[in-house]
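The structure under discussion appears below in the form of structure tokens.
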Amino acid sequence: MSWDQVWIDVNLATMDPSVSAPYGAITNAAIAVKDGKIAWLGPRSELPAFDVLSIPVYRGKGGWITPGLIDAHTHLIFAGNRANEFELRLQGASYEDIARAGGGIISTVKACREADEAELFELGRQRLNALAKEGVTTVEIKSGYGLDTETELKILRVARELGKHHHVDVKTTFLGAHAIPPEYKDNSDSYVDLIINKMLPAVIAENLADAVDVFCENIAFNLEQTERVLSAAKAAGLEIKLHAEQLTNMGGSALAARLGAKSVDHIEYLDEAGVKALSESGTCAVLLPGAFYFLRETQKPPIDLLRQYGVPMVLASDFNPGSSPICSTLLMLNMGCTLFRLTPEEALTGLTLNAAKALGIEDTVGSLVVGKQADFCLWDIATPAQLAYSYGVNPCKDVVKNGKLVHQ
């Protein structure tokens, strides 16, 4: 056989639903790569003969290979920090209190409007490096810290540039409807007009976004405004997603499901009717335990109902300066289990196959299947559950991206 590389002495957590074992596991396995794709995988005993003198062979020393991790919800590009708000919350102020007083997202908006692209790029590069060291091979990055046309475009341009200069694939999301900017505080409908009539066409003209998101909440955009933005995005051929049911149940998830959204994110206050709507539309539920933890929330997402209705559950970092300043997907695995009572297998599925579904890329990444992109990680672990069980020492030993060894 003619391959570009072969990995032996490994166990595979394929996350392939067609493999009946937990995690889609194949033990005592091998995996071969050709032209950036998975060319063969299976038990080592069935590995076809190949020229060991001309093909690089990597020995995994009994470790586990998983698909590359996918962080499907981040706000990774921003300037400044909000440590002062952290102190205020510890003194009793709520997320809503801070937002209504002009803090929260708006304070980061000010910093991003003042920062240039070079500064934002370097900050984003450092954060993307941190995720990459934990085995992330694909990341979603949202805008939303500009809230004017110029700065929203600036953030999205930086995200696109990061994707061009980093081995991690970057999917971009336009989140102009993240908050009401101060200049539109008393006229939010006019800001929605600006998003639809000026921002969105400019984003599309430069091909800066793969999807459009809205923060549907009582401190942000109401249902009617949310539908206007998402409908305009859908009409323009972009994928849609939604921040919903984080602080209250406004029915945003049902709206998103009706419009065919790829995902609904946060969903702490999602009810059974909303879960049923997600199930019927095939919309993913993105769980963000970092924000739940950092905001010291008590209302948990309806995990049992999501299981009952078969809604794909995704885990993501929600990395951002205000509600989840936690740049770690491995910690999300642990939090998903300890805070939301996911099983370790559900948690890992949420950072691989289901995360790919939330981004609409499950045909190319998210599981180890012949023909899919060769994005995978070798972990120094005895069992896949160990990724969620223990945190603090990074067990990621090697990362292969598009068939190339990028971290060793």
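Any Cβ shown, glycine's included, is placed from N, Cα and C.
The model shown is predicted, which means the values in this text are computed figures rather than measured ones.
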* Structure fact -> For the N-formimidoyl-L-glutamate site that Swiss-Prot gives as N320, G322, the extra residue out of Y145, Y184, Y191 is Y145
* With R82, Y145, Q246, S323 listed by Swiss-Prot as binding 4-imidazolone-5-propanoate, identify the candidate in H178, H407 belonging to that site. => H178
* Spatial neighbours of R82 (4-imidazolone-5-propanoate binding site), counting only the binding-site residues H73, H75, H243, D318, G322 and Cα distances within 10 Å -> G322
* Asked: What same-chain residues, at least 6 away in sequence, bring their CB to under 8 Å of the CB of Q246 (4-imidazolone-5-propanoate binding site)?
  -> E217, H266, I267, E268, Y269, A291
* Asked: Looking at the binding-site residues H73, H75, R82, H178, H243, which one has the fewest other Cβ atoms within 10 Å of its own Cβ?
  -> R82
* G322 (N-formimidoyl-L-glutamate binding site): which of the binding-site residues H73, H75, H243 is the nearest Cα neighbour? -> H75
* Around D318 (Fe(3+) binding site), how many other CB atoms lie within 10 A of its CB? -> 28
